[in-house]
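S.K.: I have a structure I would like to understand better, so I am pasting it below and will then ask my questions one at a time.
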Amino acid sequence: MQAARGTPLSSTSGDDTTAGRPRGRSRRLVLFATVAVIAYALDVVTKIIAVARLEGPPVETVTVIPNVLDLTLVRNSGAAFGIATGFTAVLTAIAVGVCIVVVRMAGKLRDPIWAIALGLLLGGALGNLTDRFARSPGPLRGHVVDFLALPHWPVFNLADCCVTVAAVLIALQSFRGIGLDGRRVNRDPERDE
């Protein structure tokens, strides 16, 4: 009877929505945005420090952990880990597309792991996009600042790390059959019959 008169059936303390929007989704959007902002900020700040401290002459390599991690400045016109060197404009267009898709997907988020994964992906993509737009030799041709060096591995940056961790988390959630909304995706439609 209460519903017929337009009054709520429960008190607001037990209500799981705010202005018609599920609270779980709002929390996941906040998590997504927080992870993206932190990932982006850390990437930008570490690149600024790397350029200030490592740019020569002389070009300097700083050993952080012997035989494990060095800091050395590299300007990369390619993708993560030095892949696709010379395709800066194409990589920029792809990264812009990825950012648009990720932001559109964020509205469907209800799963915290997906929120973290997409936040890392967006933060990392934006970090490298900032370099492509703002660094020399010019807009859409800018080289990405890489500075983390492991033995027998291309030099990379925090944005590359974020994108890589995001890819692992996305693969994990996909393998587990967990959708953006946190529900298990039914892979076998015959089970429903």
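Here the Cβ of each residue, glycine as well, is placed from N, Cα and C on the backbone.
So TrEMBL lists the following for this protein:
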- 1-22: region 'Disordered' (REGION)
- 29-50: transmembrane segment (TRANSMEM)
- 79-101: transmembrane segment (TRANSMEM)
- 113-130: transmembrane segment (TRANSMEM)
- D146: active site (ACT_SITE)
- 150-172: transmembrane segment (TRANSMEM)
- D160: active site (ACT_SITE)
S.K.: Can you work out which residues elsewhere in the same chain, 6+ from the ends of the transmembrane segment (113-130), have a Cβ less than 8 Å from its Cβ atoms?
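M.R.: Counting only partners 6 or more residues beyond its ends, the transmembrane segment (113-130) has Cβ contacts under 8 Å with 28-29, 31-40, 43-44, 47, 80, 92, 95-96, 98-99, 102-103, 105-106, 144, 157-163, 165-167, 169-170, 172-173, 178-180, 182.
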S.K.: Among the active-site residues D146, D160, which residue has the fewest other Cβ atoms within 10 Å of its own Cβ?
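M.R.: With the active-site residues D146, D160, fewest surrounding Cβ atoms within 10 Å: D160.
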S.K.: I want to verify one value. Collapsing DSSP to three states, which class is D146 (active site)?
M.R.: strand
S.K.: Just to verify a number: CA distance, D160 (active site) to D146 (active site), in angstrom, no decimals.
M.R.: 9
